[in-house]
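A.B. asks: Okay, these came from Swiss-Prot:
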type    : residues                               : note
BINDING : ARG23, HIS135, THR352                  : substrate binding site
BINDING : GLY110, PHE111, SER181, HIS209, THR235 : pyridoxal 5'-phosphate binding site
MOD_RES : LYS238                                 : N6-(pyridoxal phosphate)lysine
Amino acid sequence: MADGWMARIDDALAQRRREQTYRERWALSGGNDRLIRDGDRQYLNFSSNDYLGLARHPEVIAAWQQGAAQAGVGAGGSGHVTGYGLHHQRLEQRLADWLGFPRALLFTSGFAANQALVGALTASGDHILADRLSHASLLEAAMHSPATLRRFAHNDADALQRLLRRDCAGNRLVITEGVFSMDGDRAPLPALAEITRAAGCWLMVDDAHGIGVVGEEGRGCAWAPAGRPDLLVVTFGKAVGVSGAAVLCATPVAEYLLQFARHLIYSTAPPPAQIAAIDAALTVVRRGDALRQRLWDNIVRFRRGAAALGFALAPSDTAIQPLVIGDNLRTLQLAQRLRERGVWLTAIRPPTVPPGSARLRITLTSAHLADDIDTLLEALSDAQLQNA
């Protein structure tokens, strides 16, 4: 029987290799920085989610160090035991006030927050209606829940409305992202919010890639009242530059999650030092108009240059600028050609993206210089010609 386990593992790994979808990791230095090192070779980094460059911001680093000195490096337990402290309480209140919700609850990661929220709220007879391109954490949570999952065409409010007319029984939860992690486009939140309110169902938005970057003071995609969801998930590992996540919701929902969200109840709380760093990073985010403007300038420079070179980019006005290649092997080869030219880009392939849509996921940050963008464009042009 033991051999059956290894046979299953060997078959799965062999299939990934055949399909050119085998994932690898590199032990890199400076993965959150503008420049990255692999061994003795240095590259321009265009794969980081640290959109505002806060992972190395001196105020954020100092806050982490001070938090560790004052409160230690671990929380010591679940938030339901001894792990929830004044740092956590203060950050939750600050988030709720800033984003316009009655309550906020901290989680160890965005994946955990999404899984906990969907798993705790849904029951048999409910319906989940999710954008087809929603993040794996959302779709997996929906598939593992007792609810019936239906997917609607990407960013298609009319398709959602048709599904809502068809699926009338039980509670209904509509799920989408603010900024889509692999495509960089934004959900039409005002239209989705209007439809869900009219239908009497709830809207859940994962704004991992919008918070800090989009909206007034970086409040994200859902900051305007017209697009306000019932449930908002924000994460701190992208533009905020740290890690962790929070769920924003009504007070009864927060109390319910404290009773029934197993990912929250049975996980050690985030370290106080991490919470202090997030708090400091949010201060930088709120006054970070100059950082957001620098990021926007880089986005405009890249898109104009790419258009001049004839590249067909996705309709994204965010830090995520995917260049869809299609074929898995060709995408891997193009990524390798770029590394030979000193540019680090990751080849994203199925199952992360749909079959036939393998891509280079180009991410721009406020730390990039204009010369960096020009180097990227030149390298893309040269590598594309060689890879044709």
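From the backbone N, Cα and C atoms, a Cβ is placed for every residue, glycine too.
Since this is a predicted model, take the numbers as computed values, not measurements.
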A.B. asks: Expressed to the nearest Å, what is the distance separating PHE111 (pyridoxal 5'-phosphate binding site) and HIS135 (substrate binding site) at their Cα atoms?
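C.D. replies: The separation of the Cα atoms works out to 9 Å.
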A.B. asks: Please identify, among the recorded positions GLY110, SER181, HIS209, THR235, LYS238, the one with the smallest Cα-Cα distance to HIS135 (substrate binding site).
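C.D. replies: With Cα distances computed to HIS135 (substrate binding site), the winner among GLY110, SER181, HIS209, THR235, LYS238 is SER181.
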A.B. asks: Rounded to a whole angstrom, what is the C-alpha distance between THR352 (substrate binding site) and SER181 (pyridoxal 5'-phosphate binding site)?
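C.D. replies: Distance between the two Cα atoms comes out at 10 Å.
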A.B. asks: What whole-number Å value do you get for the CA-CA distance of HIS209 (pyridoxal 5'-phosphate binding site) and the residue listed as 'N6-(pyridoxal phosphate)lysine'?
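C.D. replies: The separation of the Cα atoms works out to 7 Å.
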A.B. asks: Restricting to the chain of GLY110 (pyridoxal 5'-phosphate binding site) and a gap of 6 or more, list residues whose Cβ falls under 8 Å of its Cβ, or answer none.
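C.D. replies: When sequence neighbours closer than 6 are ignored, GLY110 (pyridoxal 5'-phosphate binding site) has SER137, ASP206, ALA208, VAL233, THR235, GLY237, ALA245 within Cβ distance under 8 Å.
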A.B. asks: What count of other C-beta atoms do you get within 10 angstroms of the C-beta of HIS135 (substrate binding site), across all chains shown?
C.D. replies: 24
A.B. asks: Counting across all protein chains present, how many other Cβ atoms fall within 10 Å of the Cβ of HIS209 (pyridoxal 5'-phosphate binding site)?
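C.D. replies: The answer is 29.
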A.B. asks: Select one residue from SER181, THR352: among these binding-site residues, choose the one with the most other Cβ atoms within 10 Å of its Cβ.
C.D. replies: SER181
A.B. asks: Taking the Cβ of ARG23 (substrate binding site) as the reference point, list residues of the same chain whose Cβ is under 8 angstroms away and which are at least six residues distant in sequence.
C.D. replies: ARG16
A.B. asks: What Cα-Cα separation, expressed in whole Å, is found between LYS238 (N6-(pyridoxal phosphate)lysine) and SER181 (pyridoxal 5'-phosphate binding site)?
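C.D. replies: If we compare the Cα positions of LYS238 (N6-(pyridoxal phosphate)lysine) and SER181 (pyridoxal 5'-phosphate binding site), the gap is 11 Å.
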A.B. asks: Please identify which of PHE111, THR235, LYS238 has the densest Cβ environment, defined as other Cβ atoms within 10 Å, among these recorded positions.
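C.D. replies: By the 10 Å Cβ neighbour count, LYS238 comes out on top.
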A.B. asks: In whole Å, could you give the widest CA to CA gap in the pyridoxal 5'-phosphate site formed by GLY110, PHE111, SER181, HIS209, THR235?
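C.D. replies: The pyridoxal 5'-phosphate-binding residues span at most 13 Å between Cα atoms.
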